[in-house]
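> My questions all concern the structure below.
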Amino acid sequence: MPPTVRQGIRTVGTLRVTRPSSYVLSSREFSVLNRPPPNYPGHIPLTTIERGALAVGSAIGSLLNPRRADLIAALGEATATPYFIYRLRDAMLSNPTGRRILRDRPRISSKTLSVEYLRSLPPNSVGRTYVNWLDREGVGPDSRETVRYIDDEECAYVMQRYRECHDFYHAVTGLPIVVEGEVALKTFEFANTLLPMTGLSMFAVMRLKPEERERYWELHLPWAVRSGLASKEVINVYWEEELERDVNELREKLGIEKPPDLREIRKMMRRQKKAAEAAREKYQN
């Protein structure tokens, strides 16, 4: 047998041996009565029917109540496979910083990020901007759900990383956690990551007030599409190494355009509404 043929056979054999466990799991039929063992701590293998039911149920539930973070997390996991989470993982593998993140497996939590250290950073630094945003919104870095329904262990980490970095995206864009702000940020994330859950979250526009919907269509949707497509893939940002950098410098480096301050817009609209009501009452009296 020619050497090139032997080498080709060895290569194919290696590829077969090193197929990810998720491929083996997804290609092997099972039922709720003979569920395979988990691929990582906390992993729950799902049948195709179970995954579909989880996607539909969590989509309906999160649309009815956009504040249910657990349902949004389940929707993200149920719809990320078989293609989208692998595309995001491959985007990390094709980037030097993304590869380091996959190798190091950093986690973002109150145990890994010192709030006191973040508050000691210069006012316009990434870390200070992040902790100021956490304080203003009344949230913390430990509020993210743990990934359970993605079969491949490495892809599960990619989803966990995306989830734990979400508040950094909030901080650098300045968008608050009100539904209007979340929909705007999810639209940006969809343009940047292509994760289906981020796109499906746009249906929450239907739950916005008329003036909020108008702002979304005229202001936030164009910004999100423009900035999300033009910027570098945010999954490849090693946030732990960017904490001391000037936040404006980081935005410029990533190509992220900061949207108008939504909190200030909402405050201004409330003031105008109160002034109009007071003027109307004065006129009627």
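Every residue gets a Cβ built from N, Cα and C, even glycine.
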> Among Glu154, Glu182, which residue shares the Zn(2+) site with His166, Asp167, His170 according to Swiss-Prot?
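Given His166, Asp167, His170 bind Zn(2+) in Swiss-Prot, the matching entry from Glu154, Glu182 is Glu182.
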> Excluding His166, Asp167, His170, Glu182 themselves, which residues in that chain have a Cβ inside 8 Å of the centre of the Cβ atoms defining the Zn(2+) site?
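After dropping the recorded site residues, what remains is Phe168, Tyr169, Leu175, Ile177, Leu185.
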> Long-range same-chain neighbours of His170 (Zn(2+) binding site), Cβ under 8 Å, sequence gap at least 6?
Trp133, Glu137, Pro176, Ile177, Gly181, Leu185
